[in-house]
Amino acid sequence: MADESKDTTHFGYRTVAKDEKADMVADVFHSVAAKYDLMNDLMSFGIHRVWKRFTIDCSGVRRGQRVLDLAGGTGDLTAKFSRLVGETGEVVLADINSSMLKVGREKLRNKGIIGNVNYVQANAEALPFPDNYFDCITIAFGLRNVTEKENALASMFRVLKPGGRLLVLEFSKPQFEPLSKAYDAYSFHILPRIGEVVAKDAGSYRYLAESIRMHPDQETLKQMMADVGFENTTYHNLTGGIVALHRGFKF
């Protein structure tokens, strides 16, 4: 990762003031919210659904539990968790971006998913929930956009119950050189063109590609989770390491 002073951070490949990054990321997601689901399907050829299904399967969520779907966006994971926890459980879909939260709320309500789902606009670095509150937290394709990732992980640790688990699904580092080269070519040349045609926004998808390259790799993120208190932290490489699922427990 690039060197950063205490007052600056990265926005893709650019160095920006830390207090500016959140607004810049917000602009990206305000821009792409309406086409977010369609772009996910196009960008990943639908494979994101397999990655999310694997995350659900690894979550261990059961009936009656309380789940936080952080950076939950358009609610793919929330929809699945809602069925798993049942009427006696609760799922909180939290996102810092009001446009994404609006799309997610409308999508789930149109599917009849109501009653055990609540919506909260929240910053991952300072979660507005009590200590020891959730049985499980997921953050899918959201952590790389957070300015202070260590603060966010510590905040998630705080609101987890003892015995609770965090699952981080995020783009990561491909494990094979030929795959890495092909992935770079796709990310930097094809992906922005898809964004321009479908979402009328090549810049946001150029940022997406750059933000993935600046995100901590598998071992670094594993250590970051351990540093804030998570135990038994492991990760699974998916699609050759293009994506990784990290899981850690609070004891």
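Glycine too: its Cβ is placed from the backbone N, Cα and C atoms.
The S-adenosyl-L-methionine binding site annotation in Swiss-Prot covers T74, D95, N123, A124.
Where Swiss-Prot records a feature, it is marked here on the structure.
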{"residue": "T74", "record": "S-adenosyl-L-methionine binding site", "DSSP (3 states)": "coil"}
{"residue": "D95", "record": "S-adenosyl-L-methionine binding site", "DSSP (3 states)": "strand"}
{"residue": "N123", "record": "S-adenosyl-L-methionine binding site", "DSSP (3 states)": "coil"}
Longest CA-CA distance among T74, D95, N123, A124, per record bound to S-adenosyl-L-methionine, angstrom: 17
Greatest C-beta neighbour count within 10 angstroms, which of the binding-site residues T74, N123: T74
List of residues, in chain order, with Cβ under 8 A from that of D95 (S-adenosyl-L-methionine binding site) and at least 6 apart: L70, A71, G72, G73, L101, G104, Q121, A122, G142
For A124 (S-adenosyl-L-methionine binding site), the number of other Cβ atoms found within 10 Å of its own Cβ: 24
